[in-house]
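According to TrEMBL, the protein carries these features:
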COMPBIAS  800-817  compositional bias 'Basic and acidic residues'
COMPBIAS  818-827  compositional bias 'Low complexity'
DOMAIN    8-117  domain 'Cadherin'
DOMAIN    122-218  domain 'Cadherin'
DOMAIN    219-327  domain 'Cadherin'
DOMAIN    328-451  domain 'Cadherin'
DOMAIN    452-560  domain 'Cadherin'
DOMAIN    557-683  domain 'Cadherin'
REGION    791-859  region 'Disordered'
TRANSMEM  698-723  transmembrane segment
Amino acid sequence: GRRSQLLEGLPATSTVEENSAAGVSVYNFNVTVSPLASEGLAILPTIVNSNPLTEAFDIESKGGLEFRVITTGNPVLDYETMPKSFDLQIFVEDTTGRTDLNILTIQVIDKNEHPVFRGNMALQTVTIYVLERTPPGRIYQVDAADPENAKLKYSLLPATVPFSIRESGAIFSTKEFDYEKDPHCYFLNVTVADPDGLNLTRTVNINIININDESPYFTTKQRIYRIPEEQSPGTIVANITAKDPDDEDSPSRLFYSIQSSDRRFSINPATGVLQVTGRIDRDALPLRLHPNISLIVRVEDSPSGGHASEMEITIIIDDVNDNPPECNPSAFRKEANENTAPGTCLVDLRNYCNDIDVDPSNNQFIFTGLSGFGSNNFALESTVSGRLVMTGTIDLENPADPGVEVYTLTVRVQDIAHPNYSSKYSFYISFDNIIYIYIRIKPVNEFFPVFRNLSYVFSVSEITKVGSSIGRVHAIDKDWPPNVITYSIVAGAGTRDYTNIFWISPTEGDVKILARLDYETTQKHIFTVQASDQEKSTTASVTVNVLEENDEEPVCSPNFFSLQIPVNLAVGTNINGFRIECQDRDSDPRSFHYFINEGTVSQHFTFSPSAGSNTSHLILASRFDYESGLDTKWIYSLRVHITDDNLVSARDKTTHLIKTGTVTLSIRVIPNPTTATTTTPGFTVVTKRENLYSPSAWYVPFAISAGGVLLLGLLGYLGLLLLRARPARFHFTFCVPSQTMTKVNTVFDGEARDPVTGRMYEFNTRSGARRWKKSNEPLQPMLAMQVMSSATENKGQGVHRAEAPSKKEPSEKRKDLTAATKPAAKPSAGQSETPGQAGLRFQKKKEESEDRGLSSPPP
């Protein structure tokens, strides 16, 4: 025929709610015919095809040329399991042969549906049998689902029954039943409701079973049963009944069982209801050859022992069209990086699935029902293509993200044609014929490790043992799962003597020392540590402050020395001008303490000062007495101990670290010689005395200044008293003695003792001239001052005093003064002055120079 525009209002799009009853109007349209078509329409508007195929819609006339599309109710439209849209091809032809074909698109609208029970409760009222004396516990699991996958709430009525139901739908008994006292049967109304209040109620019967020991017999006469294949688990095949003669008219308390090992069937032990529990495939062996299944049913009046009866029944399996879509392989394993862009395709199920039905109307299938934990991050691109794509971005570090590395999704693939055989695909775990796929989210290293502190400061004693831990650094990585962080030292951990003085644990971050720390060499160490996750790294600064400890021993010079002294050396004499000078890298010069630990027989020797200075002199403390036998040793070995605890209080010495240095001295005592020695001594010890300022004696100038101020104040006060007193006359008499001067270069102004012979000799400090001193000559007061030559090189290390001359009696002083004030006779030509006269003139000349204000005598 000729194609014309006969259908008014088409093509068009309309909507209809799911679960609409039969006869619901979906869309109205008109048909326009030619004036030549006097007889109207040859072919009424008819749905000639639909995409996808369906019989859910039909066209009925409203009268005249008005028509409407209505629902047929077969099948009932289901938004969750059926296609969401249908394209209907509507054809019409008038009596003149003109035709028109247009499409009406109908979109199914989702509607909140009542929850539905599954399993036995979906088919019938469930009866539960509970033995008396059974402890409280779970007795039944209610299985219900919401078409919109909403969370369901279970409730139980009446509230007075001794049963409860949990959020999971499990029914629990709350007491132990007594058949003789309690009711024998309970009727429970189990209600399941969705969040919008839509609910569904089913009744559960709970029978309390009494204990019985009578032998039962079968009352069921039928022995052969017929069922179709692929029945869902829970389908009732037969109701086997028996009776116990001992129960009389009351219900028998019997127990049913199947003796054969066939897992495809089970029987309720209390009711004898025979149910399907496993898949029954007529097309698989051995049912393909022998479709009959024989079962031996046994009934007992006790769970164990007692009397029993057996009966054989035969079940014939009828074949049906049971070829659902199948997918191969049986497992899909896919990986995707976190933060994968939405729209990325993970797997195309269409490439792996097939329907072996020969009829094209039966081998078309679609993919629906994507569900599972985290399914909101995925979607099916379309029900036909089967492409699974990402819809959101998964960030493992985001606290709002569940942080799942492997997601489990469920997709249903089903035939478009009726009946709908389905097969589930689990993307994580499969049991029996379930195909599973792993979708693993691979973490991406996005963040650098971060130290908790930008820098670390550790304070460590310099005496800390090598290998000790001095602190710990710690870094975190925000990546999830956390990366393994490795610590290392990248810069600055060495010294001049050691390449690496510090070590860090690669896994824990503990910092340890590899070499001994020395405050006197380096007070602070700064180095850089690095935290790395194998791809990214960061650094932090570590400062190690070395704390000072008293770990250095005093070092003295000389540390070994040999001395020779005469046996008659005067007490208090600095032996051979010997002194030791000590240094300690970590102690004050005033912290030294000197004592002799060995070889101190009769306590002949001591050091002065014994403490408070870094220099000390060896002094003869007591004379030798060999004649009386008190002394017998002529060679002394002294071990001098120098400690650095002089400034430490007695209370702190128990905890303070004290270091000790040692000096070894060998002293040989020379006896008085029996023969005169005419040779010149091998060496000369010159002792010189100087008063030098020591920085450690800071109090000396302070005391002198304070004393001067007091003296000036006293003199001023005395002057004031003299002015107030009566005037008096004063007579002053000056006696100026006559002095005879000699040349300075002839004066022997120094004395010393020969260490070999023990005799005293005089010397001139300028020319070096020497002569033996007469034994009857007195020791000159000025010449008795002996000075060490080494003292001038010490530059203020201490004040040293030589042995002072002994005090004379007052009468002897007056004699010496008279002799000193008398003019000395001038020596004749060729006669030299005596040393005493020369020394006396030198002394007087010095006194005259001091009267004239000179600091030293003229040359």
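Here the Cβ of each residue, glycine as well, is placed from N, Cα and C on the backbone.
In TrEMBL, annotation is done automatically, which means it is predicted and not curated.
Long-range contacts of the transmembrane segment (698-723) within the same chain: none, as no residue at least 6 residues beyond the stretch ends has a Cβ under 8 Å from a Cβ of the stretch. The helix, strand and coil residue counts that DSSP assigns across the domain 'Cadherin' (122-218) are 1 helix, 46 strand, 50 coil. Mean predicted confidence for the domain 'Cadherin' (8-117): the pLDDT average there is 87. Within the domain 'Cadherin' (219-327), the DSSP-based counts of helix, strand and coil residues read 3 helix, 45 strand, 61 coil. When the domain 'Cadherin' (452-560) is classified with DSSP, helix, strand and coil residues number 0 helix, 50 strand, 59 coil.
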